[in-house]
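Novice: Can you read through this structure? Questions will come right after.
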Amino acid sequence: HWKQFTEKFRSLLQRHGSELDPHKLEVLLALADSNSEGRICYQDFVNLMSNKRSNSFRQAILQGNRRLCSKALLEETGLSLSQRLIRHVAYETLPREIDRKWYYDSYTCCPPPWFMITITIVEVAFFLYNGVVLDRYVLQVSHPLYLKNALLYHPQLRAQAWRYLTYIFMHAGIEHLGLNVVLQLLVGVPLEMVHGAARISFVYIAGVVAGSLAVSVADMTAPVVGSSGGVYALVSAHLANIVMNWSGMKCQFKLLRMAVALICMSFEFGRAVWLRFHPSAYPPCPHPSFMAHLGGVMVGITLGVIILRNYEQRLQDQTLWWIFLSIYVIFVLFAIFWNIFAYSLLDLKLPPPP
């Protein structure tokens, strides 16, 4: 039955001068197999041929994968360098073969992963500029003029709302910037290639904002610098997605690479904790807080995981998406009111403004 269906469908397409991509044929078979009568509705066919996906594709992936009988994408030969790169990214980020083939067929590198690359370039540019101005590249945060920068978050200047976001362009030193940039590029760029700039930038910026707000709530006297909130949101989401789809993820040496990523994150977090409690170079203001790291992790394992698990699917159809998004909005509103009222009610002794 399936062989007759396939041959008839191929002959119809050839008769009308079209060619059916073999990977799309597999999706068609999976869609038909998900229907009790072996039929494909017209809209699903149109969506498939126009590279649009709907919830019916999710049904096909769950119910029809057993019909995928051709060789895996990893076994295909004669690929160009760019095709091998796209295939590598697919296996690094997607747990289902049908999703990997869909991504491989539809990815055009237009637009390129501009968000992560742009953010990285701007962060490095600001760091180099500060290095020239302060004449220091290691532990810039210990320079007496460091806190006078208009970008970092300072508790005395929390009414300047842009600081809750722009603090990512200030780093404690080259040791801080270096690890963030490496993780940002190695994890963020492939994720943006697969999931798009809109989704990945949302996770990144949500982690950044959650990080600064977490500092303003849990470490109220400390400033905060660095892009760790956004970086930890992306890396935590990616690692959690790998663990939750362990058998489906086919990236090489995944256990070793997860261990290396966790060691790097732990090293950076340990550096931040040590710096926070190290005697300050400009008392009574303490060194930058480490709470932004934890805020980023919480965003990553909630909103981030939902986004990475739903490749090309409508987030608004996912119940968990609305639950986690509501929790995030409630936290943001709580933190805003906390910043407005709690500092005066608790009568905290804040460090003087820079």
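Backbone N, Cα and C define each Cβ position, glycine as well.
TrEMBL lists SER228 with the feature active site, nucleophile. For HIS293, the entry in TrEMBL reads active site. Annotation source TrEMBL lists domain 'Peptidase S54 rhomboid' at 159-309. Annotated transmembrane segment per TrEMBL: 114-132, 164-189, 201-218, 224-243, 255-277, 289-308, 320-346, in sequence order.
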Novice: Same chain only, sequence gap of 6 or more: which residues have a CB within under 8 Å of the CB of HIS293 (active site)?
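Specialist: The list for HIS293 (active site) reads GLY211, SER228, GLY229, TYR232, GLU268, PHE269, ALA272, given in order along the sequence.
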Novice: Give, as a single whole number between 0 and 100, the mean pLDDT over the domain 'Peptidase S54 rhomboid' (159-309).
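Specialist: Within the domain 'Peptidase S54 rhomboid' (159-309), the model's average pLDDT equals 92.
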Novice: Quick check for me: are there 3+ Cβ pairs below 8 Å between the transmembrane segment (289-308) and the transmembrane segment (201-218), leaving out pairs under 6 residues apart?
Specialist: yes
Novice: Go through 201-218, 224-243, 255-277 and flag the stretch with the largest number of C-beta pairs under 8 Å relative to the transmembrane segment (164-189).
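Specialist: Stretch with the highest Cβ contact count: 224-243.
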Novice: Looking at 201-218, 224-243, 255-277, which one has the highest count of Cβ pairs under 8 angstroms to the transmembrane segment (320-346)?
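Specialist: Checked against 201-218, 224-243, 255-277; highest Cβ contact count belongs to 201-218.
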Novice: Using all protein chains in view, find how many other C-beta atoms are within 10 Å of the C-beta of SER228 (active site, nucleophile).
Specialist: 33
Novice: For the transmembrane segment (224-243), could you work out the same-chain residues 6 or more beyond its ends whose Cβ comes under 8 Å from its Cβ atoms?
Specialist: 93, 95, 119, 123, 141, 152-153, 167-172, 176-177, 180, 183-184, 187-188, 191, 200, 203-212, 215, 249, 251, 254, 258, 261-262, 265, 268, 272, 288-289, 291-293, 295-297, 299-301, 303-305, 307-309
Novice: List, by number or range, the same-chain residues at least 6 past the transmembrane segment (255-277) whose CB is under 8 A from its CB atoms?
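Specialist: Residues 141, 172, 175-176, 179-180, 182-183, 187, 219, 222, 228, 232, 235, 239, 242-243, 286-290, 293 contact the transmembrane segment (255-277) from elsewhere in the chain.
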